[in-house]
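Reading through the structure tokens given below for one structure.
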Ligand SMILES: [Zn+2]
């Protein structure tokens with residue numbers, strides 16, 4: 001179905017794109033393929049009398065994502081795979097080291113917002129896993145509902161050896177959808193709306209750039225000016241959602 005990289009070097013595959021574009025489906029398909037490839041390589045090595053230790057696969061997801069299941073990665077189409085919940089990049093790294101996984105998969109990687117003086121901590125963790133020759137495959141949303149890069153995803157994409165970018169279908173017009181539309185009580189949310197209004201129903205749907213609506217609630221500016229960085233805004237949202 002697709003090439004599996006050389007086991008002697010690190011490799012980072014990033015699956016990205018809009019909501020409902022099949023990112024998790026693709027991640028699960030890759031994990032299944034890696035399992036098959038490792039089993040075949042181990043068999044082939046036995047035939048040739050070569051020592052090959054099949055790499056074990058660690059599957060993770062960010063602790064924020066409990067939409068479908070607590071301990072599984074689940075795609076919209078119903079595919080499922082067992083996963084370990086981690087709530088920080090360091091927790092992810094420590095678990096990989098403890099279990100000596102050679103292949104690491106992680107869903108919803110955009111939620112790893114922690115930063116230190118060098119930038120996003122998840123970048124350091126991924127770079128370290130690559131130095132340790134891990135095959136790493138992550139999936140995550142590339143843009144937030146404002147159409148801005150989602151947390152660490154821009155940096156993760158820059159670090160990648162291989163990128164798969166998926167789109168969904170705009171629910172308004174059927175065009176390829178690249179942005180998540182945030183709705184509060186069925187109406188487009190403003191750029192600066194708080195994450196959840198008491199009593200309000202919040203939802204998201206995939207839209208194309210033409211149908212995607214974002215505005216600043218105190219004015220009619222199309223391109224809002226927010227003195228906070230987008231990272232701070234999203235981090236505040238994640239913190240609010242955490243409570
Ligand atoms: Zn559209």
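Backbone N, Cα and C atoms are what each Cβ position is placed from, and that goes for glycine too.
According to TrEMBL:
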- 108: active site, proton acceptor (ACT_SITE)
- 196, 197, 198, 199, 204: substrate binding site (BINDING)
Could you measure between residue 204 (substrate binding site) and residue 108 (active site, proton acceptor) for me? Cα positions, answer in whole angstrom. 16
Give the helix, strand or coil assignment DSSP yields for residue 204 (substrate binding site). strand
Three-state secondary structure of residue 108 (active site, proton acceptor) from DSSP? coil
Test of understanding: give the count of other CB atoms lying within 10 angstroms of the CB of residue 204 (substrate binding site). 16
